[in-house]
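Note sheet for the following structure.
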Amino acid sequence: MGFDSTFENGRVVTPDGVQSGVSVGVKDGTIAAIGAPSELGGADRVVDLDGQYLLPGVIDAHIHARSPGYEYKEDWSSATAAAAAGGVTTVIAMPNTDPIIDSPETVRQAYDIADDDAHVDFQSYAVLTSENYDQVEPLAAAGVPGFKVFLGTTFGEIEPPDDGELYAAMEAAAGVGKRIGFHEENDEILSHWEAQFKREGRDDPIDHARSRPVVAEAEAVSRIILLADHADAPVHMFHVSSGTGAELVAEGKADGVDVTAETCPHYLWFTEEVMNEKGNVARVQPPIRDAEERERLWEAGIRGGGVDCIATDHAPHTDEEKNVEEPFGNTWESISGFVGLESEVGSMATFVSEGRLPIEQWAYMHSTRPAEIWGLYPRKGSLQVGTDADFTVVDPDAEWVGRKETLHSKSKTTPFNGEQFVGKPTMTVVRGTVVYGDDTLYAEEGYGELAPSGETTANAEPRTYPN
Ligand code: DOR
Ligand code: ZN
């Protein structure tokens, strides 16, 4: 068989193991064969990976592309240029845009913009609020991979449904095979402490973190799991920040609830000390936790299998909005969130190089699991013949330092600036085409396509890896 291209001499990573000495043949954008080079036929183009890792394309199921409405922060072109440069082949964007994505019309509007501008493949969630909680079926029919509910108010000030409305939405989502994902923080706890801290004049960057205690996350996780258990509905916890949260998710799974969870590189990499070192640059919601919580997040979430997947919560804002001129200024005058698309592969590869994360588990958590959870599987999320030829190529030995000047996002503000990584994304392949390589963005705006969105996969038996 003549291939359009073959990717040779790589170490091919799947959730089941690493294979050396195999080549991947690509035809018409899909994987046509995987096998010994001698068994594969010729190709128009041969890419020599020189012993680097070839992973199933990294999926970031939690980014804020900001368009429509906040293009001064980010747009689909800049966000997906960052994705391509960062080794990310598919992104799923959050609906806290302007207008918010809460109707079939606004879903189509988001898809149209992304279709024109994106460099990598994409999807978008719809938000559920008190106004549209009964619109689950038409939103699912419009093509969304799942839903977002903001329980803790955050950028966009979107009012969540009340518990009754939420319960009804959960039942409807279960009926169409879609998962509702949450910003899981108890808003009453957050509002109480923010007001109290302001009255007391506590306004250091770390005070923002302290005003959003772990109990706010724990209460929300527990409540959602209880409701989901009774509604018999699949739910997902975005950005689990604490060991306490991860332990509650693990308990929910053990009790048979269809609950899945994500954490982000910053919760695994930093402790809350980063607020004293880098100030409001690292301000994020939920906040970065103390060392003890981080260790338990590793234990219950990563080693114990409580957390299913990794995503960034890439959340661009302007320097003025984050007040980066004065990183230790009044935290209440700064905004939460920072970019992450161009450091996520570096940070996860570094955990692999340190022996803290088996590379097979990384592929599972950063590609296969998000694809299953959001209904992109099997076209996305694995290296099986017949599926999209999406690859993330990683040089495991490359030592490098995160540098804000090199980022493709409109926002350059990230606590990963200046951090040292071992393992670098060197080539990003979407549907057989090299969209990024040789430090060059090759894909045009509009190359990216809408990713599929089938039914969510039920909660998997937590898959644990010897470590
Ligand atoms: O820090 C955050 N920023 N957390 C969120 O949940 C939202 C995000 C944003 O949209 O800026
Ligand atoms: Zn977010």
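All positions are counted from 1 along the displayed chain.
Using the three backbone atoms N, Cα and C, a Cβ is placed for every residue, glycine included.
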Q) Need a hand: TrEMBL gives H64, A65, R66, H317 for substrate, which of N96, N280 is also on that list? A) N96
Q: For the region 'Disordered' entry in TrEMBL, name the matching range from 195-215, 447-467.
A: 447-467
Q) Considering the Zn(2+) 1 binding residues H62, H64, D313 given in TrEMBL, which of K148, K380, K404 is annotated for that site as well? A) K148
Q: Return the residue out of H183, H192, H314 that TrEMBL annotates for the same Zn(2+) 2 site as K148, H239.
A: H183
**Q.** Around the Cβ of N96 (substrate binding site), the count of other Cβ atoms that are within 10 Å
**A.** 22
Q: Among the recorded positions A65, D313, H317, name every one whose Cβ is found under 6 angstroms from ligand 2, counting any of its atoms.
A: D313
Q.
Between the Cα atoms of A65 (substrate binding site) and D313 (active site), what distance do you get, rounded to the nearest Å?
A. 10
Q. Which one is closest to H62 (Zn(2+) 1 binding site) in space, judged by CA to CA distance, out of the recorded positions N96, H183, H239, D313, H317?
A. D313
Q. Of H64, A65, R66, N96, K148, H183, which binding-site residues come close to ligand 1, meaning Cβ under 6 Å from one of its atoms?
A. H64, N96, H183
